[in-house]
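Data first, discussion second: the structure below is written as structure tokens.
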Amino acid sequence: MIHKIPRSKGSSFWLVAIQVIASLNLLFSIVMALNFLKFRKRHWWRSCYLWAVWIEGPLGFGLLLSCRITQIFQLYYIFVKRRLPPLRSYIFLLLILLPWIALAAVIQIKKPLNDRCHMGTLWIILVMGLHALYVVALIAFAGAVHHVEFRFHELKDLWRGILVSSASIGIWVAAYVMNEVREDISSLEIASRFLLLVMTSVLVLAFFSFSISQPLVSVMSLRKKNQKEYKTMSQALGIPDSGILLQRESTSILDPNEPLEKLLLNRRFRQSFMEFADSCLAGESVHFYDEVQHFDKIPIQDSVRRIYMARHIIEKYIAAGAPMEVNISHRIRQEILNTNDLSHTDLFKNALGELMQLMKLNLARDYWSSMYFMKLQEDIRMRAVDPEMEHASGWNFSPRLSSVHCSDDPFQNEHTELR
């Protein structure tokens, strides 16, 4: 399971990690509260209020459903409101956990539990009502996003999770009634406890079989994936590769005097320029340009795919601490993060303009005297002689091979000292 969890800095990792902890807490609380395990001595950590109240509620079922509500809340704002959520995930999660914490505190103060960790009917109705309330909240959010044509089955997985959650609550209530009404029948008590534990296990497995942790791809699932693996988001969304690659352009010599904007439209030049930028540890701008080109190729009418791609770009390049955070002004960054329409055609226009100026001042000047440009020119000449080389691989040289020292390389001095 560790290898299935992505190592990302966003909520996609910690929400899943919290669900793992909440699931284990839920299982252990059922085991301990119903005395499945016998101990010779009574310890403080075997308290009914610890396991049946706090760990089963705020740290178990409540936390598990709160994570799901947080995830569907993100889906609602991104695909229905077409903007990023106004609250960070961890803040929203803490807010919706407050009712569970408040109820647990009241039970702790009133102490309605007996020596078998059971409470009266009124308390049971209150506790199960809170359980049902969170399932109703999931249903309400699902109804709000049911019209969105998701690309990765998020809504289908959500309804499955709701169905299993509702069934688990019903079976828990039935098992409680069976156990409370006829306490003198040991076989009935054993059957009800067994039913509780099995249903809890099914709930945990079902939640990890139906993952809606991110509106892009499944974050973690116990199902075997038969779908094709994609290297980029544009491939997953079915966006054709951007860039011009006509026969006349594949054999014509590139002119350094041409505007960089025009040269980057050539896919072969952009690939060479991107590898040069990566070798200088400054490839974020070129990668950002490439992904924005894919974003612009999506029709305006296809708002769902545009939102998928926009959020991918924001999480990868724009958000603070992003894996490939680009160097843009604070004003433009906030304009993108606070946009009212993630599918807008000019969402990344200003950011692309700033980065284009930076590429012209730094990377473009060094590229023309680099081995990458020489290799590209040689490749073009060879293709002009032998057109069959069109599909041959042409980038087999060292990624750090360059006849110039990149001024953008912050580790240049460190590399020199190491040599």
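Our numbering is plain: 1 for the first residue shown, then up by one each step along the chain.
Placement of Cβ uses the backbone N, Cα and C atoms for every residue, glycine included.
TrEMBL has this to say about the protein:
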DOMAIN    259-377  domain 'RGS'
TRANSMEM  12-37  transmembrane segment
TRANSMEM  49-78  transmembrane segment
TRANSMEM  90-109  transmembrane segment
TRANSMEM  121-146  transmembrane segment
TRANSMEM  158-178  transmembrane segment
TRANSMEM  190-212  transmembrane segment
Checklist outcome for this item: The answer for the transmembrane segment (49-78), taking Cβ pairs under 8 Å and residues 6+ beyond its ends, is 11, 15, 18-19, 21-23, 25-26, 28-30, 32-33, 84-86, 89, 92-93, 96-97, 100-101, 103-104, 107-108, 111, 113, 117, 127, 130-131, 134-135, 137-138, 141-142, 144-145, 148, 154, 158, 161, 165, 207, 212-215, 307, 311, 342
Next on the checklist: Could you give me three numbers for the domain 'RGS' (259-377), the DSSP helix, strand and coil residue counts?
Outcome noted: 80 helix, 1 strand, 38 coil
Checklist outcome for this item: When pLDDT is averaged across the domain 'RGS' (259-377), the result is 92
